[in-house]
Amino acid sequence: MVQRWLYSTNAKDIAVLYFMLAIFSGMAGTAMSLIIRLELAAPGSQYLHGNSQLFNVLVVGHAVLMIFFLVMPALIGGFGNYLLPLMIGATDTAFPRINNIAFWVLPMGLVCLVTSTLVESGAGTGWTVYPPLSSIQAHSGPSVDLAIFALHLTSISSLLGAINFIVTTLNMRTNGMTMHKLPLFVWSIFITAFLLLLSLPVLSAGITMLLLDRNFNTSFFEVSGGGDPILYEHLFWFFGHPEVYILIIPGFGIISHVVSTYSKKPVFGEISMVYAMASIGLLGFLVWSHHMYIVGLDADTRAYFTSATMIIAIPTGIKIFSWLATIHGGSIRLATPMLYAIAFLFLFTMGGLTGVALANASLDVAFHDTYYVVGHFHYVLSMGAIFSLFAGYYYWSPQILGLNYNEKLAQIQFWLIFIGANVIFFPMHFLGINGMPRRIPDYPDAFAGWNYVASIGSFIATLSLFLFIYILYDQLVNGLNNKVNNKSVIYNKAPDFVESNTIFNLNTVKSSSIEFLLTSPPAVHSFNTPAVQS
């Protein structure tokens, strides 16, 4: 048993390990966000006894856990490892042992992150770790160093995984499966892997320079030695902006599959969906300075970054309208994954619209570092990446586990997180427009109302997380008895196999999602005999 999980080279087992780590980290990250919202529920010091450093440590912990230990391990490590080989008809990934080490450096990174919060007074730098706040003068002691090591380890994990996915997709497709026939989820992981490959080395360079500045007396970002902290911001955001697309593009792939299945229609404009994802990925590297309009960039530089940022809205719009066109005229069934997908469309678009306001260099002078920004990126991440994660879970888990979840509870869980997330993040836009700054544990009484509302929302969202854990428990224990469409499931297939994309795709030139044609759960080694793509 120990050997199976510790030394595993099987993509399916490694995917399960990623999911377990993601669930654990997600619960820890949610706990931190709940403490943050409790502290902000009313003006003055509530629970942290005026300890602003601790507040910022919680902000760092929440951000890094949610980004590097929940969304990336679940969407890329979990769904990517499990489904990508199945969808292309491969027996496993190209480098199974690299796959193993890519997972096992993540728990080490988690240990470093947790340790960084427990030594000295923690790393209270924000997840961006900007110098001079993160310099040795402002943060003496090993906290920031440990946080940097945590980022290094997650970077190594993601880089190894990315190399594995790229080689697997290029070299291990089954007979007849050309790149144009790849399912959209495989394309999304493939494009994401390239983004990781190009952006993570830049982050690693930046935080390594910071490590040297802190411990070995270099002056990369030290003004007194001729360095420039703005250089760090450029390096960080050259990674940081592609990173947000790394978080959302696998979600795009999942939503495409879900929308197609529950509308009983092929995705509208499949090839243009691929080109849209690729364009978003490419443009993501050309807009990083929109995060730093207020550091003193030239007017013409600001003009360029404003227009380049707005251009990203075009391929994103193509994707949104293609999904709507897929739904239009379809035979729609509002099962739980479809509810998440439709909510994703509305709320991701909403997050994109607030982003258009932030793209303007002149407007951003007012919005920068206010709760408007927090509201914007949580709409995109909390209701984009997380909703797509839930959609993917409810869509594929019956096929992966061979066990059904309780549909009624799953829909209740959807409505709880839908209401909770909106109640948290919608009021933040009002707070930001009125000038409430981020990362500050106290605020004037004028901001009390909407903060109280947001804190109530965080309780609703946390309740939905507890319900999800129960749904997962119920699925594992009673999965064979749970009914689909009020009928006991007697066939050995996922409940929505009957309306899966395989039906209308098998006889066409488009790729069929072959993961639903396998047994449920799939065998330990699928495709010992290569499948042939028609």
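Including glycine, each Cβ sits where the backbone N, Cα and C put it.
The structure displayed is predicted, hence computed values, not measured ones.
Quick look at what Swiss-Prot lists:
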BINDING   E39, A42, G44, P441  Ca(2+) binding site
BINDING   H368, D369  Mg(2+) binding site
BINDING   H376  heme a3 binding site
TRANSMEM  15-39  transmembrane segment
TRANSMEM  55-88  transmembrane segment
TRANSMEM  98-118  transmembrane segment
TRANSMEM  143-171  transmembrane segment
TRANSMEM  184-215  transmembrane segment
TRANSMEM  229-263  transmembrane segment
TRANSMEM  270-295  transmembrane segment
TRANSMEM  299-327  transmembrane segment
TRANSMEM  336-358  transmembrane segment
TRANSMEM  371-400  transmembrane segment
TRANSMEM  407-431  transmembrane segment
TRANSMEM  450-474  transmembrane segment
**Closest of H368, D369, H376 to P441 (Ca(2+) binding site), Cα positions, binding-site residues only** = D369
**Prompt:** So of E39, A42, which of the binding-site residues has the fewest other Cβ atoms within 10 Å around its own Cβ?
**Reply:** A42
**Message:** An 8 Å radius from the center of the E39, A42, G44, P441 Cβ atoms defines the neighbourhood of the Ca(2+) site; name the other residues of that chain inside it, in order.
**Reply:** L40, A41, P43, S45, Q46, Y47, L48, D442, Y443
**Nearest recorded site to G44 (Ca(2+) binding site) by CA-CA distance, among binding-site residues H368, D369, H376** = D369
**Item:** Site with most surrounding Cβ atoms, counting all protein chains shown within 10 Å, from the binding-site residues H368, H376
**Value:** H376
**Message:** Whole-number answer please: how many Å between the C-alpha atoms of A42 (Ca(2+) binding site) and H376 (heme a3 binding site)?
**Reply:** 22
**Asked** So of G44, P441, which of the binding-site residues has the fewest other Cβ atoms within 10 Å around its own Cβ?
**Response** G44
**Prompt:** Of the binding-site residues H368, D369, H376, which one sits closest to E39 (Ca(2+) binding site) when you measure Cα to Cα?
**Reply:** D369
**Item:** the transmembrane segment (299-327) versus listed stretches 143-171, 229-263, 407-431: most Cβ pairs under 8 Å
**Value:** 229-263
**Message:** Short question: most Cβ pairs under 8 Å with the transmembrane segment (15-39), which of 143-171, 270-295, 450-474?
**Reply:** 450-474
**Item:** Residues near D369 (Mg(2+) binding site) in space but at least six apart in sequence (CB under 8 A)
**Value:** P437, R438, R439
**Prompt:** About how far apart, in whole Å, are the alpha carbons (Cα) of the residue listed as 'heme a3 binding site' and H368 (Mg(2+) binding site)?
**Reply:** 11
**Asked** Out of 184-215, 336-358, 450-474, which stretch has the largest tally of CB pairs under 8 angstroms to the transmembrane segment (270-295)?
**Response** 184-215
**Prompt:** Near the transmembrane segment (229-263), which residues from the same chain, at least 6 beyond its ends, have a CB less than 8 A from one of its CBs?
**Reply:** 67, 71-72, 75-76, 79-80, 128-132, 183-189, 191-192, 195-196, 198-200, 202-203, 205-206, 209-210, 220-221, 223, 273, 277, 280-281, 284-285, 287-292, 295-296, 319, 323, 326-327, 330-335, 337-338, 340-341, 344-345, 348, 377, 380-381, 384-385, 387-389, 391-392, 395, 496, 499-501, 513
**Complete:** Outside the transmembrane segment (407-431), at least 6 residues beyond either end, the same-chain residues with a Cβ under 8 Å of its Cβ set are 37, 335-336, 339-340, 343, 347, 354, 370-372, 374-376, 378-379, 382-383, 386-387, 390, 394, 447, 450-451, 453-454, 456-465, 467-468, 470-471, 474, 482-484
